Structures are given as C-alpha cells and as structure tokens.
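Okay, structure first, notes after.
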Amino acid sequence: MTTFDDILKEAGEFGPFQKRIFAMMCMVSMPWAGVYVGIVFQGFTPDHWCRDPAVAEKRQACGWSLDESRSLTVPLVHSSGGPQQSSCEQYEVDWNATELTCDTQELDLSKTPTRACKGGWEYDYKGRKSFVTEFDLVCSDAWLVDMFQATLNIGFLIGSIATGYLADRFGRKISFLMSNLLNGIAGILVAVAPNYVALLVFRTLYGFGVKGGWVVGYVLITELVGVEYRRTVGVIYQMFFSVGILILPLLAYFITDWRWLQVVITVPYILFLSYYWFIPESPRWLLSQNKKSKAVEITEAMAKENKMTLSKNIKNLTDENSNSCTASFMDLIRTPKMRKHTLILSFNWFTSAVVYQGLIMRLGILGGNVYIDFLISGLVEFPAAFLILFTIERVGRRIPFASANIVAGAACFITAFIPDHMFWFKTVVACIGRLGITMTFEMVVFVNTELYPTYIRNLGVSVCSTLCDVGGIVAPFLLYRLAVIWLELPLIIFGSLAFVAGGLVLLLPETRGVPLPETINDIEFPER
C-alpha cells in the first residue's frame, strides 16, 4: 500500500512544478487585502458640515471662502478636543428673509436656535470621492458605513462554509475557478451599484466568493507539496496578503474615486480565471474520490516537470483516508480535550479578526495622513512571517502564539494612554500591536490544523474560523461607534480581548515535533 506522500518523495516534494503553482497562487492573496480593508479608502469620511443653499448662493455672490460661509451655517459644539464646528447641526435662519450684507463680521448668531441638517452636506473632499460622500452616510446615517464591512464578513461566513463543502465535494480546482467567476461579477456590480442597499447586497455576494476562493487556494497548495514544506508555503501564502496591504494605499493615492478603485481591486479575479489552463486538480482529493487514474496522470506530469522518475509503486497508490469515518460537528465538542481546543481556538480566531481589522480601520479615523499611516503599518506585517518561521521550530508554537497575543494587548493599552502630541511614539507602539496581532492571525491557522485529527481537520478549521468572520462583523461597530464616545475606547476593548486570548493559548498542548493526530484518541490520550 503506497500513500500519496510516499509517491511525492519520488515525484519531488517542492520542485519546479510546485514552485510554479505556488507563485501563481500567491497572487491570489494580494487583491484579497483590497477587498478586506479597502473600506479605509472607499469608505473615507471627510470633514463635513450642513449645506444651506441660500448661504451657498450668497458665497458665490460675495466671494466668501468656504470657512466664512461655514461659520455662518453651523454652530460651535464642545467636544473633548475643545470647541469645534458642528458636523450635524445648522443655525435655524431663513437667509432669504434676512437682509444679508457681504460683511460677515457684523453678524452675531450665537443666540440663534439650531436644528439638524436639512439641505444635505458640504464635504472637504481632499481629493477623495468615497461612497460616504456619494450616499451622504454621515451623522444619523453614519452607522450604515459599518454595514459595508459587516456585510462583507457575512459573505465570508457563508461563503467559506459553502466553498469548503463544494471543494470537498466537487474538487479544489473547480471551486477555485467558480469563486473567482463570482468575485469578478460581484466586484464589478459593487462598482456600479446605483444605491447603498444594492451596494450592500453585492458586497455580501463579493464576500461569498473572495474568502472561499482564498481558502481553497491555501488547501490546494498545501496538498501539492511535501509535508515539511507545508508550513512555510502556508505562511508565505499569507504573507502575500501583506504585499497587497502595501499596494493598496499606492493604488488609492492615484485612484481617488471609490468606484474605480473597486474595479481595479476586482480585475485580478477576472484574470485568475485563466488558471484553468495552468493549475492541476489536487491528486490527494482525486484519490479520496477514488479517481486514481487521473491522480496518477497528474503525479506523472509533476514528476516529469520536476525531472524525477517514479518507481513502480505508483500502481498500488491508495488513499489512506478514503475508508475513514465521516466527520461531524459533534466530534469537535464531544470529548473534553477536543472541546477545550475548539473553544480556545474559536476565541483566538474571533480576537485576531476583531483586533486586526479594528487596528487597520482605526487608521482611517485618526486624522493623520492615511496613505502614509497605512503604508507604515503594512510594512510592520512582514517581520511577522519571519518571526514565525524563525521561532516555531526552535521555541515551539505555544509560547510565540501566546506572546504575540499578549504583546498586541499590551500595545493597545499603552497606545490608548499616550498623549496625542507624542505622535511618533504613539505610532511606534501601535505598530508593535499590529505586528503582534498579524503573528497571531498567521499562527492560529496552522496551530488549528495541528490540534485536530486528519478526518475532521478541514471541518475543524472551517468551524473555528467562522468566528473570524463573526469578529469581522462585530469589528466595525466596536471601532466606529465606541470611538464616538472616546477615540481610544476601542483600543481598551481590543487590548482586553488579546490578553484573554493569550492566556487561553497557554492551556493548549505544544505541537512542535509531534506527528499530526490521526484519531480523536491521539488527542485525548497523547501519552499512549
């Protein structure tokens, strides 16, 4: 009986064949960054104030500056940073009835009653057109912006479960291509959405395909390489997401209209349809479906491209898992250690998503130069991958995983209490937090795979990682709504979550140098 791993040693575990497919698959990680955190640019809320048509006419007639007409329209309100001009209220004055001279000095409006904006808003665009300015999603409608991110994560949630099922049922390759077809269509629909409700519907569909397709790519590439290359390949595949994070602010700087930015983020998904001619189906999946001849054909092509020769063993190629029992959700929680793993990993997925998305979206409301802030914080993600690859074989999984969480939590707490005038110090500490949470996000994926037995591994990762999407649904509300109360309040919540997650990780067993578990008994009674 010969397993696929035995044959892979003959065909080449990470030869030119795998490197070519791996390079192509890494491209898939890059546009995902634009989809995941594009809200920072596409949903940018500029400085805004009530529009009064009569004052606007008078402004042109008198040649006033925007500031002068703004001071005539809106009252001052007191906020934590001192008095500011209101964004959501205006003076209740009938400008057509009053004899308004062009000299703005002689008007005293301080005793005038105020009301909510009636005639729409004026925006200080700073050269960016976002869906916020197009659909007037400010003041009492500001919470609708959170829905842009929440609907995407709802799409992720349903899509990753559905695509995971389809990938196990109909194959990795077809699921990958169908996801990209959906991404191409939904992405363009988002770009041409006539109103905000349509935008949210298309955005959910977009989420449905994007994450599922990314996960299938992850599965396909790890199934094609030898066991010892799997982890490195997985971490680098995720690292290309960080490359996408660096490209995004450059694109957004030059493409200032959110609709065109959406088109540019979507185009790669349409190009990925060409992979039909370049990537194979996973031979492991074909074996599990008893399609042996096709699996052998692909493996022979692999050996040929890798300039390796296969022995006669390929004739007795069998799938070690084809006769195993079917996985059910109950297996994840029926026995005490499995239950503990499931709960701790789920909480870590949730925390990683909330803190990671929260820290990125926070860059959009800080009022600094959002392009530079985004670029700096993106560069910080790269050391994460190298720190992981450097520590996990020397130190193990548990200590780096827990430390990364605790460092992220501490950085969030400290950042919240650093005064604003120590700007660079505050930025550096926030970046350390970002590095920590990026590490936990990249580690939770493979720690998850190492703590579940083979037959239930895919289901285990799918179930736990759904909490990642629940975290993504919660994150925008936590960030944007709490920041209205106090700008740093979200950081306190993020810090608390990360601390708890780090403490829980210490309760997990160390998996360095331990063979992957095959059955639930391997988990429950590891000492046997």
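A Cβ is built for glycine as well, from the same backbone N, Cα and C atoms used for every other residue.
What TrEMBL says about this protein:
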type	residues	note
TRANSMEM	21-44	transmembrane segment
DOMAIN	94-513	domain 'Major facilitator superfamily (MFS) profile'
TRANSMEM	147-167	transmembrane segment
TRANSMEM	174-194	transmembrane segment
TRANSMEM	200-221	transmembrane segment
TRANSMEM	233-254	transmembrane segment
TRANSMEM	260-279	transmembrane segment
TRANSMEM	343-365	transmembrane segment
TRANSMEM	371-392	transmembrane segment
TRANSMEM	399-418	transmembrane segment
TRANSMEM	424-447	transmembrane segment
TRANSMEM	459-479	transmembrane segment
TRANSMEM	485-508	transmembrane segment
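Below 8 angstroms of C-beta separation, residues 18, 21-22, 25, 28-29, 32, 35, 147-148, 151-156, 158-160, 162-164, 166-167, 172-173, 175-176, 178-183, 186-187, 189-190, 193, 233-234, 237, 269, 279, 282, 458, 469 of the same chain, each at least six residues beyond the ends of the transmembrane segment (200-221), sit close to that stretch. Long-range contacts of the transmembrane segment (174-194) within its own chain (CB-CB distance under 8 A, at least 6 residues past either end) are made by residues 35, 159, 163, 166-167, 202-203, 205-206, 208-210, 212-213, 216-217, 220, 259-260, 262-263, 265-266, 269-270, 272-273, 275-276, 279. Averaged across the domain 'Major facilitator superfamily (MFS) profile' (94-513), pLDDT for the predicted model comes to 89.
The highest tally of CB pairs under 8 A with the transmembrane segment (485-508), across 21-44, 233-254, 260-279, 424-447, 459-479, is held by 424-447.
The listed stretches are 21-44, 260-279, 371-392, 424-447; of these, 21-44 has the most Cβ pairs under 8 Å to the transmembrane segment (147-167).
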